[in-house]
Amino acid sequence: MNAYVRDSESVYSESYPPENFISNEPEKSKDKDNFNGEEVISYVGEVETVPAKEENVFRRFINGFKIEKNQQDSAGQGLKRRLKSRHIQMIGIGGAIGTGVWVGSSKSLYRGGAASVLIDYCIVGTMVFCTVYALGELAVAFPTRGSFVTHATRFIDESWGFALSWNYVFSFIVTIPLELTTGTMMIKYWTNLNSGIWVTVFIVFLFFINIFGVKGYGEMEFIMSTIKVVAMCGFIILGIIIDCGGVPTDHRGYMGTHIFRENAFRHKFKGFCAVFTSAAFSFSGTEYVGVAAAETENPAKAFPVAVRQTLFRIAIFYILSLFIVSLLISGADPRLTSYHGVDASPFVLAIKDANIKALPSILNAIILISVISSANAQLYAGSRAIHSLGCNGFAPKCFTLVDREGRPLVALLILFLFMFLGYLVETGQYDTVFDWMLSISGLGTLFCWGSICLAHIRYRAAMKHQNRSLKEVGFVSPFNVYASYYAFILVCLVLAAEFYVSIFPVGGKPDASAFFENYLSAPVILVFFICHKLYYKTKRITLSNMDLETDFAYKTPVEEEEEEEKSAGSLSIKQRMKKLSDMMC
């Protein structure tokens, strides 16, 4: 009688003591896991090591695309936990620096003026800060596929989860090819080569990144986010030098706050509301870090650090950078709206006005990297959103198919097919087409943020109602549930401001077409919610029947020990400095 002990390299046949032997005949066994049904022969009384069948790199690559047979993990549904803490931190930072701040800030500055930009971005920044903390607590407690759309389904309402999921997916279907067309506009800064060629290059590049699965996405995002962070810090330093008159080629001398004080509040209350909504859309993408929960090696360790850095990211990369640029470019500058693409970026205009020749081209390259990074992040988040549709029963089961490397194949294929919409850049009216397509899900980010806050509020209420302790959770928001109430109210105010500006646009008359372009997604998501509610007759989720057990990640003994050390005040100076560093950067 033999006992088989497996490891990754071989199968060992270990005999029992001689007195238990019955015969010396060879025994045969089939190990289907490691040998694909090949017979492993071992003789009683002997120990034989059978080397595992080695695969070359090419065969291993091909086999990686085979469908994962065992996808019973309810949390990940076949997704692989291969993202490290450094990936999560840089994904969070990368989501904060995109075209919204580089280029989109031009419209904000023109509509509302420097003071409105500063005030509105501070207000919306606090809203995002509170939302990310709520998301971090939910992601650590339930590190499941779908992240906040799954949380909305479980803690708010199944029909709302259905409507939110599809609205979120629609946004990626449109914005990814839109990012590709934006990238072609960046390249036109250097050459007028056919835009369709560059769309093809971008599609091939994104395909190449995603061949390597979630780890490839994480590494590429880490590299591109690092470049964006360095570039933003470099501009802040350069902006201070320009404002102080330290650039030899700039003959304007010291400027101080003179430009900032001119037209500080443009278009009065209407301008303030317009910037309020623009600021909210500029922060879109900060929720992507929550999507990665099901593919993070240690969510309980990675997410608290990434969440605590949110305040630092908002303060430096948005508030400080926009304050610096508003010292250099007036909100009344006609170039902010008469120019297009990167030429309208206040960051580029500030460098051009200082007569620094090479830097505008370098900054354009940085913005191009931001566009590619944004498309890469949206492809990742969008494919996981489509995958979660199938997992939650909101779409065909084929949407859940994942290969051995953890790639959601069908979800990625769907998004790659819609990328071909990027070739609309060859038509004359492509921007009009995208505007109407984007209107279907234009408010999706706000609905997501509001759902995160509401899900957190109801989750906390259910924990209290079911007599569950927050000590079971690996990470808890230090602001309790009050921060989620604050953020939820602000989301409602942003939606109201967008409604007001859509009816009474800045610098124009009321227009039905403009209104539906900006606000069509609100009635669309309500129609999805009502139709699903009526057809499936879903029941209301009460605090008593809310599921707090499935996929719940209990705090580990190691985390409990660390918590006890903190409460006992036994942290060393080195540990305290590390904690302060984690909170700030």
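The backbone N, Cα and C atoms fix where each Cβ goes, glycine too.
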Is it true that Swiss-Prot lists Y189 and D431 on the same side of the membrane?
yes
Residue counts in helix (H, G, I), strand (E, B) and coil for the topological domain 'Extracellular' (111-121), per DSSP?
11 helix, 0 strand, 0 coil
Would you kindly check 160-180, 194-214, 272-292 and say which stretch has the most C-beta pairs under 8 angstroms to the transmembrane segment (437-457)?
160-180
Just give the helix, strand and coil counts over the topological domain 'Extracellular' (429-436), going by DSSP.
7 helix, 0 strand, 1 coil
Need a quick answer: max count of Cβ pairs under 8 Å to the transmembrane segment (160-180), which of 194-214, 272-292, 362-382 is it?
362-382
Ranking 122-142, 194-214, 408-428 by Cβ pairs under 8 Å to the transmembrane segment (487-507) puts first 122-142
